[in-house]
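Asker: I'd like to ask you about the structure that follows.
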Amino acid sequence: MDTLSAPSPTGPPNFYGLSRGLLADRLAGQGLPPYRADQIFSWVYQKHRRSPDGMTNLPTALRERLEALCELRLPEVATVLGTRDALTHKFVLGLADGARVESVAMRTEKRLTFCVSSQVGCALKCTFCATGLMGLQRNLTAAEIVAQVVAMGDFHGWQDDRFNLVFMGMGEPLANYQPMMEAIRILHDPLGIHLGARRVTVSTSGIVPQIRRLAGEGLPLGLAVSLHATTDALRDRLVPLNRRWPLAELLAAARDYGRRTGRRVTLEYTLLAGVNDRDEDAVRLGAIARDLPSKINLIPYNPVPGLQWQRPTPESVDAFAKRLWPMAPAVTVRHTQGGEIWAACGQLGGLA
Ligand code: SF4
């Protein structure tokens with residue numbers, strides 16, 4: 001048995017992991033027409049009904065049988081932690097097997113962004129990341145990924161239908177490829193949430209074959225590459241996956257991804273004081289960014305207890321960004337949100 005997969009359910013499949021096509025297939029087995037799947041999708045994802053009660057255009061017999069065909073249960077929201085400014089909330093969901101998964105909703109003036117997890121823990125052990133310290137417990141199912149979005153949307157009252165979704169929570173999404181793609185396609189369904197592909201960003205530490213596979217999906221998803229270093233020697237230390245797929249291979253795959261999807265790739269660069277924030281790092285990073293359609297996102301390191309790294313001072317973050325600006329096509333410095341509730345980048349992993 002693959003111990004990294006979610007435990008197989010003994011009952012009916014969970015609704016949130018079913019595409020509309022799969023739901024229609026299940027209903028067809030009961031002699032029901034495909035438009036019933038359209039109606040159920042619309043009730044759940046557009047009118048936000050969480051039980052068959054009140055799905056008034058379904059026959060009573062179907063309403064009564066629906067939960068036997070697909071379970072509508074969402075994971076329990078075990079904890080919601082909010083920052084003092086109420087702009088960031090961290091959600092801890094309790095899954096059916098007792099595993100816990102963390103997700104973060106961040107609001108700015110311009111947009112609402114949901115950051116979801118793809119795995120419980122992570123096997124890749126990037127040396128600055130709290131999730132990496134946990135090791136990998138298991139992959140999430142498509143239903144568990146979709147459920148994180150639904151839980152955060154329910155909490156925010158679905159006021160902002162045009163939210164962004166980033167796979168930057170716990171885990172390496174491209175190491176759980178199939179469930180991640182199933183979840184994206186469910187969320188993208190026009191009769192469901194209808195989340196535009198351009199609003200979804202998949203962040204990877206650099207699983208090169210899966211970047212190439214993602215480029216062939218026919219969806220213009222955003223791709224973020226967790227770069228963090230501009231030499232193989234340093235990246236081998238910070239992101240051990242680099243020993244398998246070094247920078248040249250990773251950047252070639254990222255370049256192809258940008259070419260095939262028409263999207264600029266985001267280069268995520270966590271700034272670690274005295275490690276990768278020197279002048280020569282900025283020069284190399286600028287050269288990398290110029291060589292592919294990209295934008296750079298600088299992330300001042302968010303401290304994790306027990307790890308050796310330090311966050312650079314605001315002055316040195318500023319100096320690094322200024323050094324880059326003339327050399328790179330687009331540079332932003334991520335405004336850190338959620339540090340006080342251990343919800344910032346690299347901090348997910350039971351630290352609350
Ligand atoms: S940074 Fe991402 S890939 Fe690396 S250990 Fe953390 S969760 Fe895993």
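Heads up, the Cβ atoms here are built off N, Cα and C, so glycines get one too.
Quick paste from TrEMBL:
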ACT_SITE  Glu102  active site, proton acceptor
DOMAIN    108-340  domain 'Radical SAM core'
BINDING   Cys122, Cys126, Cys129  [4Fe-4S] cluster binding site
BINDING   Gly171, Glu172, Ser203, Ser226, Leu227, His228, Asn302  S-adenosyl-L-methionine binding site
ACT_SITE  Cys345  active site, S-methylcysteine intermediate
Asker: Drop a 10 Å sphere on every Cβ of the binding-site residues Cys122, Cys126, Cys129, Leu227 and tell me which sphere holds the fewest other Cβ atoms.
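Answerer: Sparsest of the binding-site residues Cys122, Cys126, Cys129, Leu227 by Cβ contacts within 10 Å: Cys126.
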Asker: What recorded positions among Glu102, Glu172, His228, Asn302 are found with a C-alpha within 10 angstroms of that of Cys129 ([4Fe-4S] cluster binding site)?
Answerer: Asn302
Asker: Between the recorded positions Glu102, Cys122, Cys126, which lies closest to Leu227 (S-adenosyl-L-methionine binding site), Cα to Cα?
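Answerer: Spatially nearest to Leu227 (S-adenosyl-L-methionine binding site) by Cα position is Cys126.
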Asker: Express the distance between the Cα positions of Asn302 (S-adenosyl-L-methionine binding site) and Cys122 ([4Fe-4S] cluster binding site) as a whole number of Å.
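Answerer: Approximately 18 Å lies between the Cα of Asn302 (S-adenosyl-L-methionine binding site) and that of Cys122 ([4Fe-4S] cluster binding site).
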Asker: For ligand 1, list the recorded positions among Glu102, Cys126, Leu227, His228, Asn302 whose CB atom is within a distance below 6 Å of it, in sequence order.
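Answerer: Checked recorded positions vs ligand 1; flagged Cys126.
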Asker: Measure from the CA atom of Cys122 ([4Fe-4S] cluster binding site) to the CA atom of Glu172 (S-adenosyl-L-methionine binding site) and give the result in Å, rounded to a whole number.
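Answerer: With distance taken Cα to Cα, Cys122 ([4Fe-4S] cluster binding site) is 7 Å from Glu172 (S-adenosyl-L-methionine binding site).
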Asker: Say you check the Cα of His228 (S-adenosyl-L-methionine binding site) against those of the recorded positions Glu102, Cys122, Cys126; which is nearest?
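Answerer: So, spelling it out, the nearest of the recorded positions is Cys126.
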